[in-house]
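A.B. asks: Feature annotation from TrEMBL assigns disulfide bond to 220-229, 447-456, 485-494, 708-717. As annotated by TrEMBL, domain 'Kazal-like' applies to 47-101. Per TrEMBL, the feature domain 'EGF-like' maps to 194-230, 420-457, 459-495, 682-718. The feature domain 'Laminin G' is assigned by TrEMBL to 239-419, 506-686, 783-955.
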């Protein structure tokens, strides 16, 4: 629920934090206001140079009681704002209903009487951090109610009710050592420096936390919902509500900002050909403006009246009794649109000139609170209430849980039942689980505590969250979790890596039809994707890949499967599967690559270089929603698989590579969350001793590359290096990509330079801040300072790099090519630094921080003249230099903001594949030419013996 030009706003006024819209609401009228040299906060406004609380409410407040974060019920929103101003407490609206005692956030208050002094109250960190975060106001002798929240008054630690809260010397509740305040100021959480997003167990009520992209997602059990599973669906709150057609209805909160436009979307199934679905009117007696959605004689009717007479827009097709339908109704001024399922839109327009819809009463769903509605039926066309089930209702983009007491927009629910499928009659839920109809129309079991699974058949234990690292398999033995570690791991929880760099270089996982690798859920694939898999099989049938939505096998899914030697690609977006099968058959014991794509409902499948097969899923749904982990080569539990996937058995073979949207997952086991019975693959193309002199063979689809031992190069590691070779330049052919790792180790008393990158102590350099000079002599001195400094220390690490320096001696005739690449992440949202040749001219480009634009600094000297040139590149915080030979350096400076370059510790020379999209097109071409020397700061890299890509050739000329 986030919108706005800069994605800065939550729908309906919810507070936006780094974890999204948090379900709290900021009262209106408490904006900051400048008052001379001070700032008026918490609703105070400036009067004659001093901050004063308002005597009258300046706006029309919410028409009803509200519950605030102090656990108290306020008669109006204005009353809450008045209390906030006078007490200078930071309170939020938690629900647009009276508070329930059992859910009150406050404890029994402790009351102390303080003398007349000036109190200083700290504001939350979500207030304007640009101003002084203290507000001083006079206090008269009074009783101060202490609720024990952060910032509240206290005498000792016992007064602070927040977990990990302590009483400070200034008699305020603060967070204990190693803890910090949450964004909403209501909890103490582990400091971000010491925790992962899931380490504080943010998911409540048995929810499962999954980390991704620096944040987390909570997967809630069937009896809970909310961003952190904080809302519990009690026994009387149905998952899919049933309306009985007689007395059932839901009263919603007042509509806001619907005078010019209104849109709604509803998914329902009806047991009758007549029934009121939605109704809102101007006056209680039915006079004036109104808007309605109803089933009339089997057709959907969308009606509204703006004052010049009603218009009725009728669906082109009737509904089917006891079938699910999706209806969308939209109104813009006089114009209206009605759409049912995938049928064409039906449009209408009111007569007259009036364009505004005036609604002063609360809207209703499914019925109305009076028994005799004959005089209202003239407006919406039927005197019958709705009889059926509603599984989704949206106003605008806001999804409203009409059945839940935790939904602020759902004010009152009367006589709602539980919508059940025919499958519930067989009592499929075990261990006293509750059978309900799920959002996909099939049954869903709501399990009691300590039970899980689609039918509540599994007793929860310590393996539920799998404590085993790196793909270790968890087994529950004698009430204790036991981890069976995959190759390359050991330790109680497989936390220790035993694979050497050489072993990891050549490791390819092998599957035995009962194996699997569990990876994080596929992300950024809801609208489109491109996935490639390199696999080998020894059997005609077996699962290659599967990712689903729900643990009971229902809902959306994506699958790639072998059936009788054919590759079968299927997916379901919620309205029917797409099914594609390759024209060609796989060859047993040979490597194959399969490419699958999807854009909206349309997909394609290609095996190797064979015929492209296309297909589409059924309308109207077009997005893929996945919540479960991605499985390769097999599955953990068969009941989590969709029956429509046609998966029966796992893969008997191997998977060499996986690419998602152009990003290669280089080490499958390193990314694995769980695995079972994975072994090292031993077979083609590395099934014989093809690499000589102790070289390691790494598969590359049906080919291979050799990683050579020290002092050997060549395709097969057949050539021994000598002293003469050390002086010859290395040839780069556009596909020669050398990777150097930053291991943060010093190189002392050695003439051989390994892959480790270190940096001299730039803190000792007398350097004018950020090269802020145009003087040639001073710039030359800056460069000399970098070259002459003899001290070394590491400033690479968790805080990133403040400085960079590269020196490259090269020769080329090519106009374009990437020389150096450093980055963080898989997109240009992260930091990066690049050195490239663009149209014959070298250039430096970098981006520091998400809010900065890319800076490009281009030399004025062309270097693609087949002559040797020395290229020197320096970055000092936000300022960069590029110099060719001994010519005048070119300087540039990035915008205000971040000055640290955060990277993944890898420096690429000669290019890289794949690169993130959005770079200049010249960067996607690798460097072609000769390089004879590369320095990072004053350390020279050994291009011949660096060992990451030994298939090197030497240039004939020096």
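Each Cβ is built from the backbone N, Cα and C atoms, and glycine gets one as well.
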A.B. asks: With helix taken as DSSP H, G or I, strand as E or B and everything else coil, how many residues of the domain 'Kazal-like' (47-101) land in each class?
C.D. replies: 12 helix, 12 strand, 31 coil
A.B. asks: Taking the Cβ of residue 708 (disulfide bond) as the centre, count every other Cβ atom within 10 Å, in any protein chain shown.
C.D. replies: 28
A.B. asks: Report, in whole Å, the straight Cα-to-Cα distance of residue 456 (disulfide bond) from residue 494 (disulfide bond).
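C.D. replies: With the alpha carbons as reference points, the distance is 29 Å.
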A.B. asks: Can you give me the Cα-Cα distance between residue 456 (disulfide bond) and residue 485 (disulfide bond) in Å, rounded to a whole number?
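C.D. replies: Pair distance, Cα basis, whole Å: 28 Å.
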A.B. asks: Within the domain 'EGF-like' (682-718), count helix residues (DSSP H, G, I), strand residues (E, B) and coil residues, in that order.
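C.D. replies: Reading the DSSP string over the domain 'EGF-like' (682-718) gives 0 helix, 12 strand, 25 coil.
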A.B. asks: Where residue 447 (disulfide bond) and residue 717 (disulfide bond) are concerned, what is their Cα separation in Å, rounded?
C.D. replies: 60
A.B. asks: Considering every residue in the domain 'Laminin G' (239-419), what is the mean pLDDT value?
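C.D. replies: Here the predicted model's pLDDT, averaged over the domain 'Laminin G' (239-419), is 89.
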A.B. asks: For residue 447 (disulfide bond), what is the tally of other C-beta atoms lying within 10 angstroms of its C-beta?
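C.D. replies: Residue 447 (disulfide bond) is surrounded by 24 other Cβ atoms within 10 Å.
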A.B. asks: Reported as an integer number of Å, what is the Cα distance between residue 717 (disulfide bond) and residue 485 (disulfide bond)?
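C.D. replies: For residue 717 (disulfide bond) versus residue 485 (disulfide bond), the Cα atoms are 34 Å apart.
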A.B. asks: What does the structure give for the C-alpha distance between residue 485 (disulfide bond) and residue 708 (disulfide bond)? Integer Å is fine.
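C.D. replies: So the alpha carbons of residue 485 (disulfide bond) and residue 708 (disulfide bond) sit roughly 29 Å from each other.
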